[in-house]
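Asker: Below you'll find the structure I mean.
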Amino acid sequence: MAKMAADGEKQQGHRAGIYKQKNKGHKHGKHRTKGEIERENKGRVSVTTLTKKQRKELKKMDRRHKANQLRRNKKDMVLTEKRRLGSRDGPPHLVAVVSLHAVVDAEAITKLLRREGAGGVVHQEQCVSGVSDSFGLILPRFKQRFTFLSQSTADMHSLLDVAKIADSIVFVMDSTEGWDSYGDHCLSCLFAQGLPSHALVCQGVSDLPVKKRVESRRALSKITEVRFPDARLFPLDSEQDATLLLRHLGSQRQRKLGFRSRRSHVLAQHVTFTPNSPAEGSGGGPTGLGTLCVSGYVRGRPLRVDRLVHISGHGDFQLSQIDAPSDPLPLSLTARPAKPAKGDVDMLDGGEEEAPVRVLMKADPASRESLQTEAEVDPMDGEQTWPTESELLEAEEARKNKRVMKVPKGTSDYQATWIVDEDEDENGDMDNESSDDDNDDMLDEAMDGEDEENDSQDPEGSCCASDEEEEEEEEEEVCSTERAGADQRYDEHMDEAAEEEGLKRYREARANEMFPDEVDTPLDTPARIRFQRYRGLKSFRSSPWDPMENLPPNYSRIFQFQSFERTRSRILAEAAAEDEGAMDGWYVTLHIIDVPFSVMESVQSGRPLVLVSLLPHEQKMSVMHMLVRRHPSNTEPIKSKEELVFHCGFRRFRASPIFSQHTSGDKHKMERFLRPDAPTVVSVYAPIIFPPAGILLFKQRTDGIQDLVATGSLLSCDPQRVMLKRIVLSGHPFKINRRSAVLRYMFFNRDDIMWFKPVELRTKWGRRGHIKEPLGTHGHMKCVFDNQLRSQDTVLMNLYKRVYPRWTYDPYVPLPLPWVKNENTIDMDDLDME
């Protein structure tokens, strides 16, 4: 027994396994370190971790080394991209010289930079096609090459096109004022579009006395810091100043513009046009189609031959092939560069002997993108091939109930069908009412009536007034003759039609501001017919509205994405990883087919030619939405569905947009006018453009000048965005009880009250209610509210209908006239206003 007890004392106890229940410990509120967790686990690993692949956990030093490697790789990538620009492996540094003041001459800057004494070799033959004052500059000392072009601010379209592709812009300013009013207008457009790297230059500082130079530069810096807070001001009066400016342009940080960095673009250096033969069916000749050969440097992303190219201001076209001529601006003039590796293309060697032109790639008609912009619509879709029995019965009833009309003697049956009486004419006008036009401006009509009453006078009173005027004419004859010439000159430049249109527009904007969306119920037309396209919503935020309901016929012509954001991310990611085609920095010749001769005429007139390669689907039409803000310089009211000029990325076109609020719901309220105090969404039928992209809206005057209206950015492409137009019917309390009241002036017959009975009512003072029953037959109705009304309150009813843009897309935009003062312009200071 004693021996057995001794063996029992030595028996090993039970050891808990991995499946032992573990109760939660007390939460003391302190964070456990990794060491505490490892000590508590005692080397044990959870069951789920044992069944999976072990992940390699990096130690602290390993994580630090990995972060340093990623940081170093990004830094090297940025430095490589910066050093490529202007070097042998990249395109020449494109610099645009822009004058911001009328008294400043930008050609003086280019002449100073063109001198060989500045340390460079000038290539005058390497110039931009269409721009006379352009030249190439090679600086062996800096191992860089530049292309300078002087762009006039008179042509706003050319200025914006050049700014889209320029690597740097040199702004030439006046030494005292900086820039004038038109220069400030140009800066507003450039900043809204996206301003690349820039430098500020002024001349004439060295001509000032030594004591006044510092004061002049300090005053000019104070003026420029409003627009350019961190920019450096360069005086340019000598070759040494020119060398400092070139060094700064070559080493400054490049500002990246999203809309051009994701697309390949080319500035034409040399352009030729070859008309198509008559056998090709294009018409040929100087006014027909032809092949446009454009030579230039590829910038941005690689250029593929199967992609479409867009010529700014002219449209979309297809490529047939891409050639590789010799580089006209080689960095090394004496030594030839190393032989390229196998499979590579050396296009940066000019040499003394011009190499033959090599064909890089030709387009495959099977894989080349199509120029189709609209979806194919079958006119027979939705058509009924055979009438139903109900339609046959309705037609038979209509034939039996044929109305007898009195027609003049001798009128045939065919002529009698075109004669309608007054009642039918009014009903027909209401049925054919366009969903785009609801002009219920009773205030304007009342004001116009008052003006007509003031214009009409009593004949006898006018005779008496004429006698008095004859006596006063003798005394004021001298004064009238002095002012007659000035008044006549002033009236010659007055457009009476434009003045009347502006007055009407101001009255509409003022009425909409005082009484938002309020309309008067017509007396001669039932409200259920006049507003039959409208419906009531219990809640604008949460009430459902089917976006696919009753779509207009134009929606069958556009394209729609299942998910625009997912498609955009995929296409931009593929464009960033693109490594096929003509690479960035290559000098190539693009063969563009079926181009009208007007493109060549534009180049011959002196305007630069800019080409951009389009991403997939960017030639197709859809509903584009843009988020804009009204520009402070614009004071005139801009009405919805008014024709505007759009500058969207590399495109410019004309269209009639509609405005809506920028909210986060699924329904958005339409705005009748462009609001000056809030961002507004502009919706229009236009080709698809993947954001980001800057937006400029211009309004063209009758005299040809285009005023900047709004600026913003591209928002999205969404045909299913629901934009609702609201109208408000108003009524006034006639008798008020505790919670019920009798209203009048909202409707004028009993049937209209029963028709709109389900719609909820509200008041300007926050009461809510509904229609209970009509009283009588003249539009009085009994309504019940959540609280007692006040006698000065107004009862309102909100009605909504969905609106769509107008299909007025026009890719042709006329050239704007410059803001210059000609001989016929009358200055107000020249007139004697006393």
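Glycine too: its Cβ is placed from the backbone N, Cα and C atoms.
A quick note: this is a predicted structure, and the numbers were derived from the prediction, not measured.
Annotated compositional bias 'Basic and acidic residues' per TrEMBL: 1-12, 34-43, 484-499, in sequence order. The compositional bias 'Basic residues' annotation in TrEMBL covers 21-33. Among the features that TrEMBL reports, compositional bias 'Acidic residues' is placed at 420-458, 466-479. Summarising the annotation, TrEMBL assigns domain 'Bms1-type G' to 91-255. For 1-45, 362-386, 415-499, the entry in TrEMBL reads region 'Disordered'.
What does the local environment look like for each feature on the list?
Answerer: Residue counts for the compositional bias 'Basic and acidic residues' (34-43) under DSSP (helix as H, G, I; strand as E, B; rest coil) come to 8 helix, 0 strand, 2 coil.
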Asker: State the residues, same chain only, that lie 6 or more residues beyond the ends of the compositional bias 'Basic residues' (21-33) and have a CB under 8 A from a CB inside it; answer 'none' if no residue qualifies.
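Answerer: For the compositional bias 'Basic residues' (21-33), the sequence-distant neighbours (Cβ-Cβ under 8 Å, at least 6 residues beyond its ends) are 40.
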Asker: For the compositional bias 'Basic residues' (21-33), how many residues does DSSP put in helix, in strand and in coil?
Answerer: 0 helix, 0 strand, 13 coil
Asker: Restricting attention to the domain 'Bms1-type G' (91-255), give the mean pLDDT.
Answerer: 82
